[in-house]
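As given in TrEMBL:
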type: BINDING; residues: 809, 812, 863, 868; note: Zn(2+) binding site
type: DOMAIN; residues: 250-429; note: domain 'Helicase ATP-binding'
type: DOMAIN; residues: 609-775; note: domain 'Helicase C-terminal'
type: DOMAIN; residues: 791-924; note: domain 'RLR CTR'
């Protein structure tokens with residue numbers, strides 16, 4: 001082989017990579033390649049695909065020095081069936097192969113339609129001459145083992161690599177012979193470039209423009225990068241060069257304007273905020289300093305942003321600190337704000353500090369940045385902070401006010417039905433944030449689109465079970481329980497009406513909650529009867545809630561998962577008080593248990609929704625084994641159920657699912673702790689075997705999640721903001737977003753969200769054309785109007801109620817304590833003093849004991865009545881004392897004078913005289929007060 005031939009083969013290597021599957025010619029190349037090289041090429045194809053294998057093949061080929069290998073290569077191509085590629089290399093003329101590129105491009109675009117409409121077995125005999133014989137065998141094998149769609153997918157893959165110049169026309173003839181509708185789309189005579197896509201747009205699986213980030217790294221990694229490995233230079237740090245669209249987004253803020261920055265999820269808004277901060281801090285003359293506060297709503301986002309800001313700014317000599325609800329009890333907020341240049345906060349911290357005077361004024365800051373600023377409405381902490389700001393602005397205060405920046409992927413449109421109403425909604429958000437500019441990418445759209453991918457969105461309407469014996473049995477149990485409720489209600493005179501409601505719905509859950517609230521405060525002259533009725537209703541309603549939950553799980557997951565949920569509940573019931581009512585309800589359930597077990601294991605009762613979900617996941621991982629998925633669901637119970645289903649499904653267990661849920665506690669489950677959330681996210685980022693993350697709405701906003709190319713919304717639809725954010729979780733090229741639902745209304749709602757997004761973008765463009773002075777005046781008028789409305793709605797300061805009240809157990813109405821016995825610990829916890837209270841509760845070791853600040857959580861406390869055992873709170877060690885911390889939501893408050901009973905959801909809603917805990921007082925009289933002091937162990 002001459003040097004020129006070697007150079008030419010290197011130069012035309014891209015054609016070889018696009019066309020050749022080297023594993024088909026390896027058997028003809030054995031005289032030239034070692035066994036280990038053959039195995040390496042084979043492994044490369046298995047792991048990365050034919051293109052990567054062809055690159056490795058070429059590398060080995062061009063390194064050969066033996067005589068005759070070039071001729072041997074051409075002979076191998078010819079014998080394997082690569083006649084077109086062999087001819088092109090012999091003449092060094094690749095025009096025929098080049099002309100096929102437009103048809104390849106068309107076939108890629110039509111691929112989804114091809115695989116859903118073509119039976120590859122029907123057309124394979126007609127197009128076999130355009131493929132390698134081994135490819136034909138593989139297509140047939142895949143059709144048999146994995147199904148026709150997978151076979152069609154393989155056929156497309158082979159055609160895209162075909163070197164036969166006549167394959168487009170041969171395919172056309174084969175399609176016409178089979179009278180395939182796809183033939184109408186495969187218009188080879190006019191040329192691929194003239195093909196219209198309208199037919200696809202009218203297809204059942206509608207597509208739309210959805211912006212999903214694919215190119216950048218996750219944001220916390222995207223903000224900076226090391227110029228060399230950490231091993232070489234552990235202390236070096238090089239900032240990324242901002243893109244032009246990021247500079248465009250930052251520009252209005254850098255000019256000093258209060259700005260809302262609205263840009264797609266994943267395009268680097270956090271990076272833009274770093275640019276703005278750095279510019280802001282550097283503009284102050286010597287002797288003056290700026291002070292920035294960055295707000296993040298969710299704790300995982302707070303932790304993430306604190307890390308990002310510290311990494312970026314500490315190298316520049318600025319001090320960065322953070323305070324959240326989890327740390328505020330152990331730090332001095334005033335000192336942290338005073339001693340640092342940038343403070344990352346959860347917003348409620350600042351709301352509290354402004355209320356109690358710890359931070360006297362917003363004037364201590366020079367710049368405020370609100371992440372996910374679309375939340376600035378109603379009584380959200382963001383809006384409460386801005387009320388303080390706007391009161392000073394409109395009140396003519398001489399104190400300087402900080403610059404305000406808002407970051408969001410979507411400003412939303414509220415309930416707007418047209419562009420005018422959408423414009424008004426956006427103006428109201430601007431007024432709330434005192435923003436005079438909305439920054440979007442307009443001048444650098446092309447560059448933004450290189451970093452933001454627009455994949456297809458699929459709507460998949462699925463069917464429910466045609467017959468559901470599980471639902472019939474559970475409905476029968478619920479009707480029996482409702483009858484028992486009616487019987488109890490006859491004694492006090494039918495206080496509550498049981499109306500016809502559909503079992504297994506959110507509305508039924510809401511009715512249960514309402515009845516529980518009402519029965520907690522109803523009263524009778526006979527207090528023993530009142531206690532008995534209240535407890536009975538509480539128990540019946542708790543069981544109805546669990547049955548309702550199980551029906552919801554059954555509808556969306558397996559019967560087995562719903563039954564496991566029920567069995568766990570009744571197992572816990574047996575381990576607790578287990579009174580007569582619970583024994584009766586448990587017996588009724590256990591009478592049905594054998595039949596429930598039988599139907600839950602019957603394969604004919606498989607959930608059609610899960611079949612469709614399984615099909616989607618199998619297809620996507622077949623197309624791309626490296627797929628990374630986020631699966632959004634509505635409830636934590638469903639998160640757990642789908643995790644078990646995937647793990648126990650042999651077709652899907654390789655996905656190794658992880659779960660992410662919120663931190664709050666629900667009736668049946670305790671939320672994930674912040675460290676647990678961080679651990680899940682870190683594992684999902686780093687562990688490639690962990691291929692799917694199942695999550696609730698906690699992953700909607702802000703949390704930085706590794707690049708994903710598949711988002712599945714499983715019966716999960718919110719408003720337009722939620723749509724844009726969940727969609728934005730998919731951050732890889734080729735991303736897809738599926739909405740899987742049995743409810744046609746959900747599909748209509750999602751389509752409405754898509755329309756509202758278009759309306760939002762149009763409204764923003766309208767506002768950006770307004771004269772700045774006109775826009776500012778519009779904002780000012782809204783602010784004045786809203787201030788008047790706030791003033792009219794302001795409630796007078798509640799009068800402190802110094803009268804002693806009783807606290808009664810919410811479940812059984814047993815007396816617990818008097819308000820005079822309650823002490824406030826560190827402004828947010830409440831204990832009860834007096835030895836008598838200790839006799840009214842029992843304790844059990846806490847399942848998750850832990851310490852926070854001066855508090856060590858040790859045990860759970862429950863109502864001491866054996867037939868009640870209602871959860872009252874926790875037992876803690878605080879400094880040197882062991883004491884109970886009670887939760888007001890577990891009690892009914894009774895006015896001693898009038899006998900009127902009320903409920904309080906939170907301590908802040910209960911305006912009684914709150915006596916602070918006094919350690920000195922307690923030390924002198926720990927025994928009298930019922931607290932275990934240093935010398936008074938239990």
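Heads up, the Cβ atoms here are built off N, Cα and C, so glycines get one too.
In TrEMBL, annotation is done automatically, which means it is predicted and not curated.
Note that this is a predicted model, so its numbers are computed, not measured.
Residues belonging to the domain 'Helicase ATP-binding' (250-429) score a mean pLDDT of 91 in the model. Counted within 10 Å of its Cβ, the other Cβ atoms near residue 863 (Zn(2+) binding site) come to 24, all protein chains included.
For the binding-site residues 809, 812, 868, the ranking by surrounding Cβ atoms (within 10 Å, all protein chains) places 809 first. Surrounding the centroid of the Cβ atoms of 809, 812, 863, 868, where the record places Zn(2+), the chain contributes additional residues within 8 Å, namely 535, 810, 811, 813, 814, 864, 865, 869, 870. In the domain 'RLR CTR' (791-924), the DSSP tally of helix, strand and coil residues is 22 helix, 64 strand, 48 coil.
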